[in-house]
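The domain 'ABC transmembrane type-1' annotation in TrEMBL covers A:29-226. Residues or ranges marked as transmembrane segment in TrEMBL: A:29-53, A:65-86, A:106-126, A:172-196, A:208-229.
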Amino acid sequence: MEILAWFHELLDGNLIFTPQTLGYYWDGLVVTVQLVFVSLLIGLVLAVPLAIGRSSGRRWISLPIYAYTYVFRGTPLLIQLYIIYYGVVFFDGIQETFLWPLLREAFYPALIAFTLNTAAYTTEIFRGAIKATPKGEIEAARAYGMSQALMMRRIILPSAFRRALPAYGNEVIFMLHASAIASVVTLMDLTGAARFVYARFYAPFEAFIFVAVIYLCLTFTILFFFRYLEKRLLAHLRPQS
Amino acid sequence: MLDLHGYGPRLLEGAGVTLQLAILSLALAIVLGLLTASAKMSRSWLLHKIATLYTTLIRGVPDLVLMMLLFFGGQMALNVVTDALYDRFGVDWYVNLNAFAAGVLTIGFIFGAYMGETFRGAFMAVDHGQIEAGKAYGMSPWLVFRRIRFPLMMRHALPGLSNNWMVLLKTTALVSIIGLTDMVRVAAEASRATHEPFTFLIPVALIYLLIASLSEWIFARLQKRYNVGFGEH
C-alpha cells in the first residue's frame, strides 16, 4: 500500500502519465512481448530443419530454402507485413475456415509475418554455424560409425547452437525493435500506445521518450541474458587463466 | 499491364524517392560514423563518453520510435521557435518539417551509430607500422589519413559497410509511416484503394530485391578493388 501511495504522489498533477495512460503502455508491453516471444519461438523451431536442409548437398532441397531466405531477408518486414495483412483475405475459402476469426484480427497476420521473417534470418545464422563445424568433429563421429542423423543430433547441432548464440542474440534484439511496426496495422503494441498518447495529448517528447526507455530496458535485459548464456555455454572457449 | 490502374508512374516516382533517401542517408551515416569512430578512439574522455552514449542509445531503441520522436518532436520544437520569433519580433514565419529531410536525418543519425562501430573496428585493424612508415616519409596527418589509413581501413570496413547498407535500405520503408510518399506508401495506398494488394506490394518487394542484388554486385567489385595487393579474399 505504501508503494501505491508513493505512486499516486508521483503521478499527482501529471496530465499525461495518468494511471490510465500507464495502463495503455502496460497493455502495449504485453502485446509486444507476446508478439516477439511467440514469433521467435516458432521461428526458432522452423529454422532448425530449414538450416539442416539449407546445408544439404542436394540442391533440390537447399535451393528452395535459399530462395525463401533470400526473399525474406532482402525485402523490408513492413512489406511482408502488408502483404500478409492485406492479402490474407484473398486466399480462397479462408473466410469459411475456423482460422478466419483469428486471421481477421491484426495480431495473427503480424505474428505470421514476424515468424516467417525471423525464421529466414535464423536459418541463415544456423547454416553459417553448421558450416563452421570443425572437420575433425565430423570425422570423429564418422569413425565411431554414427549415422548421418545421429551425427546431426549429437555432434553438429549442439556445437552449432553454441556458435550461433551471439548472432542469435542480435537477431532477438533486432526482432524486438522490428516489432514496433506492428502499430502500423492498428495493433496497440508499445509503439502503438506511444502513438496513441502522442495523438491524444500532442506530447511527442513525453510519449516517445518514455517508450524509448522501456525498449532500452528490454534490450539490455535481452543483452544480459545472452551474455550470461554465452558465459555458461561457451565456457570451454574462453582463454584459461 | 505495367500501368497498374494508373499507379505505375507514381510507384516509379516512389522508387526514386526510396533510392534518393537511401543514398543520402548512407552519405550522412558514413560522415557521422567516421566522426563517431574518431571520437571513440580519441584520448579525450568526454568525446569517448559522448560517442559511447550515442551508439548505445541508438542501438537500444527501435528505428521507428526514434523516427517518430525526431519527426513529431522536431516539428514541435520548430513550432516553439517560430512562435517565440513571432511573439518577440513579430516575424511571421512557419516551417513545416519536410518528411524527406526528417527521413534522411533520422536514418542517417541511426546508421551513423552502426557505421561508427564498423569503422572503429576497421581502423583498429590497420597495421600500425604502415602509419609509422607514412610519418617517416614526412606525410602530414591528413595525407596519412587519405593515402594510408582510409584505404587500408576500407578493406576491413567493406563487409560491415555492405551489411549496414542492406539494413539501411530496408529501413527506408519506415518513412512511409511518417508520411513520406516513397514506393511503400504508394503501394499501401493503392492496395487499400483497389483491394488488390499483391498487384502493388509484390512489384515493390521485387524492386527492393533488385536494388539489394545490384548493391551486392557493386560491393563485390569494391571489395576486389580494395583488396588489390592483398591476394584473393
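Numbers run from 1 along the shown chain.
Glycine too: its Cβ is placed from the backbone N, Cα and C atoms.
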Stretch in A:29-53, A:65-86, A:172-196, A:208-229 most in contact with the transmembrane segment (A:106-126), if contact is a CB pair under 8 A: A:29-53
Long-range Cβ neighbours of the transmembrane segment (A:208-229) (under 8 Å; 6 or more residues past either end): 17, 25, 28-29, 33, 165-166, 168-169, 172-173, 176-177, 180, 190-191, 193-194, 198
For the transmembrane segment (A:29-53), distant same-chain residues with Cβ under 8 A (at least six beyond the ends): 61-62, 65, 68-69, 107, 110-111, 114-119, 122-127, 130, 152, 157, 172, 175-176, 179, 182, 187-192, 214, 218
